[in-house]
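Okay, so here's the structure we're looking at.
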Amino acid sequence: MHSTLSFSQATTVPTTNYAFHSQSPINLRFCGLRREAFGISILTRSSSGRVRLSTRGRSKRTSASTGNNGTPPKSFDYDLIIIGAGVGGHGAALHAVEKGLKTAIIEGDVVGGTCVNRGCVPSKALLAVSGRMRELQSEHHMKALGLQVSAAGYDRQGVADHANNLASKIRSNLTNSMKALGVDILTGFGTIVGPQKVKYGKVGFTDNVVTAKDIIIATGSVPFVPKGIEVDGKTVITSDHALKLEFVPDWIAIVGSGYIGLEFSDVYTALGSEVTFIEALDQLMPGFDPEISKLAQRVLINPRKIDYHTGVFATKITPARDGKPVIVELTDAKTKEHKDTLEVDAALIATGRAPFTYGLGLENINVVTQRGFVPVDERMRVIDANGNLVPHLYCIGDANGKMMLAHAASAQGISVVKQVTGRDHVLNHLSVPAACFTHPEISMVGLTEPQAREKAEKEGFEISVAKTSFKANTKALAENEGEGLAKLIYRPDNGEILGVHIFGLHAADLIHEASNAVALGTRIQDIRFAVHAHPTLSEVLDELFKSAKVKAPASTSSPISEPVAA
């Protein structure tokens, strides 16, 4: 939600000499676009203690504007102004009102942002349809359950309406929730004109200027389209267009095999399309744990009407016109030589997302974006071109690039509100889960096995891996859905959970026991005593934690370790 929506290795630098004296590292860990895709900078520290940003192709520095725009106002219209009413901005606004802050949110498009209108929400509606279609179409699965079903069919417009109606409903719910709590919704495009000062308005109308003690940038992202690809919104499309489901092509090429590409392959193949993946790296699903990727390919790719090309770039894609099909030209990623040409009915560009930060007026406060991303520290505080913190300015969500997930944006927004109301807080991004809603689902939290091994080698500790199969779970077998694996990566010396990866039925729901354990710092030797209802899928995690070999004893203060009556 990179060329694939993938996790890249965390890049950190110590911050003990910064003016804000944080002991936590600056985290540039991405879920979404890899740093290399946009030439994202590395934060370094000069001898003076300032944060410096370096990147290939860095744009020219712009000095802060002078005059009235450079002077903070003495009184404010609001305690907090949020630019962008997506999931991140909405979460921050609700928490701010709960804490007693007079809050306004500026939105130039529609409330709900990408997630609600062009992302998570409508895509889950389409995936709900694809899941049911897939089940009804599986004669083997139905027969195993003793069911007889006639040929399953679908109404394309009805499916599209389901997705659109869900988005409308959630958008209305978000709008009403903010209005009910007294959040002022200001319509227009927001631009920072100086310290603690924002203007907003619609094109062709007079701008309004408002002030706030604190400002949060939450403008999100847009689909990233590589050079050479011509998007016409009909036969060459992004996820924005695909969610409208205006037609179901017989053959569609999907560029990128990350979260977005995988989910749409699930939808299109369930509705009858043939799919061809085009992946720049040498393997499909490069952002996932390699063992999970291998199993997922065996279940989600190989048995379906899907073929793929890896290690190639789609260097040119021409939409269908004049009776000709969509033309996709493939170039070898290593040699840069022409490799193949595909003729397909449609092409979906699923190469990740780019930050939507153009026109924010960041030059007015001497902030230089790094390939579009707003530079921030681990507390989401914006950093200017000189490496200094910009007072009272924060950036959350896709616009800062730390972790391009809707729920990560919301968590970052809540973290910022905690800070501006007097409680220091740093979000642990390694505790934020991610999920891919294919059938079956994929979910994860923390590090992949290669990332964990690299960390262990650098820091001098050992790691171990535990696994359990869905084939041993009663509930999964009752559903005739025994295909799946849960994997735990941990430290055997102290029981620290480094990563958990799940592929199987309802994996997206199961991951939260693990992510909450990581967030709370719960060790395996303590959580293994938790009781799980039988028979439930949650027992997959129960068995996973119990199978881990931890040398450290259980904590005597563990709330779930209770004495047993004699």
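Just so you know, glycine gets a Cβ as well, placed from its N, Cα and C.
TrEMBL does not curate its annotations; it predicts them automatically.
In TrEMBL this protein carries:
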| type | residues | note |
| --- | --- | --- |
| ACT_SITE | His534 | active site, proton acceptor |
| BINDING | Lys124, Gly190, Thr219, Gly220, Ser221, Asp398, Met404, Leu405, Ala406, His407 | FAD binding site |
| BINDING | Gly256, Ser257, Gly258, Tyr259, Ile260, Gly261, Leu262, Glu263, Glu279, Gly352 | NAD(+) binding site |
| COMPBIAS | 62-71 | compositional bias 'Polar residues' |
| DISULFID | Cys115-Cys120 | disulfide bond |
| DOMAIN | 78-413 | domain 'FAD/NAD(P)-binding' |
| DOMAIN | 432-543 | domain 'Pyridine nucleotide-disulphide oxidoreductase dimerisation' |
| REGION | 51-71 | region 'Disordered' |
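Feature annotations (TrEMBL) mapped to structure.
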residue: Cys115; record: disulfide bond; Cβ neighbours (10 Å): 27
residue: Lys124; record: FAD binding site; Cβ neighbours (10 Å): 15
residue: Gly256; record: NAD(+) binding site; Cβ neighbours (10 Å): 27
residue: Gly258; record: NAD(+) binding site; Cβ neighbours (10 Å): 27
residue: Ile260; record: NAD(+) binding site; Cβ neighbours (10 Å): 29
residue: Leu262; record: NAD(+) binding site; Cβ neighbours (10 Å): 25
residue: Glu279; record: NAD(+) binding site; Cβ neighbours (10 Å): 25
residue: Met404; record: FAD binding site; Cβ neighbours (10 Å): 27
residue: Ala406; record: FAD binding site; Cβ neighbours (10 Å): 24
residue: His534; record: active site, proton acceptor; Cβ neighbours (10 Å): 10
Rank aside, I only need the closest one: which of the binding-site residues Lys124, Met404, Ala406 has its C-alpha nearest to that of the residue listed as 'active site, proton acceptor'? Lys124
For Ser221 (FAD binding site), just count the other CB atoms lying within 10 A of its CB, please. 26
Among Cys120, Thr219, which are recorded positions, the residue with the most C-beta atoms within 10 angstroms of its C-beta: Thr219
Let me make sure I understand the span of the FAD site: among Lys124, Gly190, Thr219, Gly220, Ser221, Asp398, Met404, Leu405, Ala406, His407, what is the greatest distance between any two Cα atoms, in Å? 30
Tell me which of the recorded positions Cys115, Cys120, Ser221 ends up closest to Leu262 (NAD(+) binding site) in space, Cα to Cα. Cys120
Take the domain 'Pyridine nucleotide-disulphide oxidoreductase dimerisation' (432-543) and count its residues per DSSP category (helix H/G/I, strand E/B, coil), listing them in that order. 42 helix, 29 strand, 41 coil
Mean of the pLDDT scores, which run from 0 to 100, over the domain 'FAD/NAD(P)-binding' (78-413): 96
May I ask for the distance between Cys115 (disulfide bond) and Ala406 (FAD binding site), taken between their Cα atoms and rounded to an integer number of Å? 7
In Å, how large is the greatest distance between any two Cα atoms among Gly256, Ser257, Gly258, Tyr259, Ile260, Gly261, Leu262, Glu263, Glu279, Gly352, the listed binders of NAD(+)? 15
Using only C-alpha positions, which one of Cys120, Gly256, Gly258, Ile260, Glu279 is spatially nearest Thr219 (FAD binding site)? These are the recorded positions in the record. Cys120
Spatially, which candidate from the recorded positions Cys120, Gly256, Ile260, Glu279 is nearest to Ala406 (FAD binding site), comparing Cα atoms? Cys120
One should report the C-alpha separation between Lys124 (FAD binding site) and Gly258 (NAD(+) binding site), rounded to whole angstrom, as 16
Length of the line joining the Cα atoms of Cys120 (disulfide bond) and Ile260 (NAD(+) binding site), in Å: 10
Residue from Gly256, Gly258, Glu279 whose C-alpha is spatially nearest that of Met404 (FAD binding site), among the binding-site residues: Gly258
